[in-house]
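Right, one structure below, let's go through it.
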Amino acid sequence: MEDSRTIETATMKMIEKAKKDNVETAWDRAEKMKPQCGFGETGVCCRICTMGPCRIDLVGDGPKRGVCGADADTIVARNLIRMIAGGAAAHSDHGRDISHTLLMAAEGSDYEVKEPEKLIAVAKVFGVETEGKDIKEIAKETAIKALEDFGRYEGLTLYPYTANEKRKKIWEKNDVWPRSIDREIVQIMHQTHMGVDADYVNLIQQGVRASIGDGWGGSMIATELSDVLFGLPKPIETEANLGVLEKNMVNIVAHGHEPTLSDMIVQASQDNELLERAKAVGAEGINVVGMCCTGNEIVMRHGTRMAGNFLQQEAAIVTGAVDAMIVDVQCIMPSVTQVASCYHTKVISTSPKAKIPGAIHIQFDEKHAYEIAKKIILEGVENFKNRIPEKVHIPEEKSQAIVGFSVESIIKGLDKVVIASAQPTGTVKPLVDCIVSGVLRGAAGVVGCNNHKVQHNYGHVELIKDLIKHDVIVVVTGCTAYACAEAGLMKPEAKELCGPGLKTVCELVGIPPVLHMGSCVDCSRILILLNEVAKYLNLDISDLPAAGAAPEWMSEKAVSIGTYFVTSGVYTVLGVCPPVLGSKNVTKLLTEDVEGIYGGKFAVEPDPHKAAQLMIDHIEAKRKALGI
Ligand code: SF4
Ligand code: FE2
């Protein structure tokens with residue numbers, strides 16, 4: 001079976017079924033959209049004021065400036081950093097909600113501090129005195145300090161202080177240390193307003209500031225406080241792909257991004273009252289499965305099975321076996337309700353920020369979290385009897401995977417090697433030793449979304465296979481994690497696809513070669529890991545034999561992630577070109593000049609094999625420079 005849209009057979013089957021059921025999918029809509037607008041694609045369409053829309057003619061004798069006189073450099077840079085603002089806002093608002101949930105846990109709610117030790121570590125970053133205080137008091141003060149960091153009016157955001165000394169100096173020297181997380185996003189909106197900044201370098205610098213406020217601010221706070229509230233991820237077995245849906249159980253798909261709701265859904269799905277009700281409607285039980293990043297959050301902590309990534313959200317409903325799809329925020333296609341209308345599926349929106357026509361809205365409220373989670377699940381349970389048997393087809397595909405690799409659990413896992421050789425434990429030394437000795441050539445972070453412009457999962461899987469074959473250990477988040485789990489790259493047997501060095505490490509430590517580090521905000525875990533290794537070696541992140549990639553990215557969040565990786569010193573290869581080619585200057589700045597400033601840079605390479613080779617070449621060049 002072959003299909004130019006996806007490499008993944010369960011999804012192929014659902015695309016075929018959708019066609020038979022007369023259901024339109026993203027691929028159909030993408031086809032209708034062709035040819036896509038060249039002005040938009042190259043970033044030279046401006047709609048910032050109503051003298052426009054203006055567009056720059058890149059090839060002919062048409063306009064070279066907008067009505068106001070903005071040239072291609074200004075227009076491209078403004079559009080790009082507005083994407084960063086969107087992405088950083090999404091991640092950071094998520095971080096703010098988690099901080100607020102911590103505050104509520106401290107004041108009394110259905111949430112509690114699950115990791116007091118981690119809370120104390122986070123409190124220290126925020127300068128909260130912990131000695132002699134009870135854990136609720138520490139939680140309250142930490143939550144308030146975290147919330148303050150979003151709107152701080154003096155000083156600088158606090159989490160970037162955890163970076164290594166060399167990196168901090170680079171940010172200071174280039175004046176890109178975020179002052180407050182929200183402020184940098186707001187400043188982007190001001191700076192890109194009609195008639196404000198026209199200097200593409202200055203514009204990009206502001207984009208950099210906001211992106212650091214995301215990666216080393218909002219996202220990092222989201223990750224750290226999620227661990228405090230919901231538990232530190234530890235290695236756990238699971239299964240991935242549409243085959244995790246069950247014919248005889250109530251299927252609840254948790255889709256979106258934040259753990260606040262999904263974690264409660266997992267808990268509430270075990271409620272006796274609901275289980276009784278499920279039996280009463282003829283189901284054997286309640287099967288909660290995850291989709292996109294909220295799925296990553298719950299699989300990392302509970303092993304909740306992974307139904308699919310971004311481009312599988314419609315396919316999941318096409319199975320005809322989803323009784324409720326519960327959504328919160330981000331990456332939810334508005335089409336899910338249209339697809340659902342052809343089956344019995346109820347789409348339930350829960351966030352005041354994300355309502356979808358055709359969905360039932362049950363607003364989530366952290367104060368009554370458990371009760372609302374039960375109410376939401378009950379909708380799914382009661383809907384079980386409305387399944388249309390002749391429309392139900394659950395593909396059998398599902399793969400085993402081991403997930404749950406927080407930085408803490410990676411360090412603990414590697415201690416197995418240390419204990420064998422009686423050295424101090426709890427540091428990144430074993431990882432460093434493997435890299436310095438050349439057993440591992442280096443490390444790569446592969447992250448990001450799916451995009452119909454790339455065959456679904458092909459970019460992720462092919463690139464990663466090449467990396468592990470060359471003894472490069474790979475960490476993943478987001479939709480990449482699903483692609484890897486579905487392709488079997490997260491099971492121990494995947495060691496057979498590795499070079500001899502990585503294979504040995506997998507055998508000794510008992511890990512797969514591709515480590516699932518969580519959701520998109522958990523890209524901050526990758527920063528923390530790189531930073532720990534850099535600190536241990538007294539180097540900067542840019543000195544390390546490491547590289548990043550986003551082979552199938554599509555969202556504004558990915559633009560922010562890519563930018564904070566590059567400006568943290570990581571060489572980052574994109575599989576889809578961002579809308580910048582309309583400006584030679586902006587393109588050159590991002591793919592060449594930026595390296596001299598931040599030590600990292602972007603490259604664009606749609607062919608995953610060539611992209612992997614670029615990353616391997618970079619890793620080898622860094623090894624050579626270090627003399628290892
Ligand atoms: Fe055109 Fe300038 Fe208005 Fe943009 S800001 S739409 S380039 S006039
Ligand atoms: Fe995500």
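Glycine residues also receive a Cβ, built from the backbone N, Cα and C atoms like all the rest.
The feature [4Fe-4S] cluster 1 binding site is assigned by TrEMBL to CYS37, CYS45. For CYS37 ([4Fe-4S] cluster 1 binding site), the number of other Cβ atoms no farther than 10 Å from its own Cβ, over all displayed protein chains, is 10. In the three-state DSSP assignment, the secondary structure recorded for CYS37 ([4Fe-4S] cluster 1 binding site) is coil.
Feature annotation from TrEMBL assigns [4Fe-4S] cluster 2 binding site to CYS46, CYS49, CYS54, CYS68. Note on CYS54 ([4Fe-4S] cluster 2 binding site): other Cβ atoms within 10 Å of its Cβ, all shown chains, come to 19. In three-state terms derived from DSSP, CYS54 ([4Fe-4S] cluster 2 binding site) belongs to an extended strand segment.
Cβ neighbours within 10 Å of CYS479 ([Ni-4Fe-4S] cluster binding site), excluding its own Cβ and spanning all shown chains: 33. In the three-state DSSP reading, CYS479 ([Ni-4Fe-4S] cluster binding site) counts as helix. As annotated by TrEMBL, [Ni-4Fe-4S] cluster binding site applies to HIS257, CYS293, CYS331, CYS449, CYS479, CYS520.
Annotated [Ni-4Fe-4S] cluster site HIS257, CYS293, CYS331, CYS449, CYS479, CYS520; additional same-chain residues within 8 Å of its Cβ mean position, judged by their own Cβ, are CYS292, ASN296, ASN309, PHE310, GLN330, GLY478, SER519, SER555, LYS557. Only CYS520 of the binding-site residues listed as CYS37, CYS46, CYS49, CYS54, CYS68, CYS520 bring a Cβ under 6 Å of any atom of ligand 2; the order follows the sequence. When the binding-site residues CYS37, CYS45, CYS46, CYS49, CYS54 are compared by Cα distance to CYS479 ([Ni-4Fe-4S] cluster binding site), the shortest distance belongs to CYS37. Comparing local CB density within 10 A for the binding-site residues CYS45, CYS46, CYS293, CYS331, CYS449, the maximum falls on CYS293.
Listed binding-site residues: CYS37, CYS331, CYS449, CYS479, CYS520. Those with a CB atom under 6 Å from ligand 1: none. Among the binding-site residues CYS68, CYS293, CYS449, the residue whose Cα lies closest in space to that of CYS45 ([4Fe-4S] cluster 1 binding site) is CYS68. Of the chain residues outside the [4Fe-4S] cluster 2 site list CYS46, CYS49, CYS54, CYS68, ARG47, ILE48, MET51, GLY52, PRO53, GLY66, VAL67, ALA70, ILE75, MET194 have their Cβ within 8 Å of the site's Cβ mean position.
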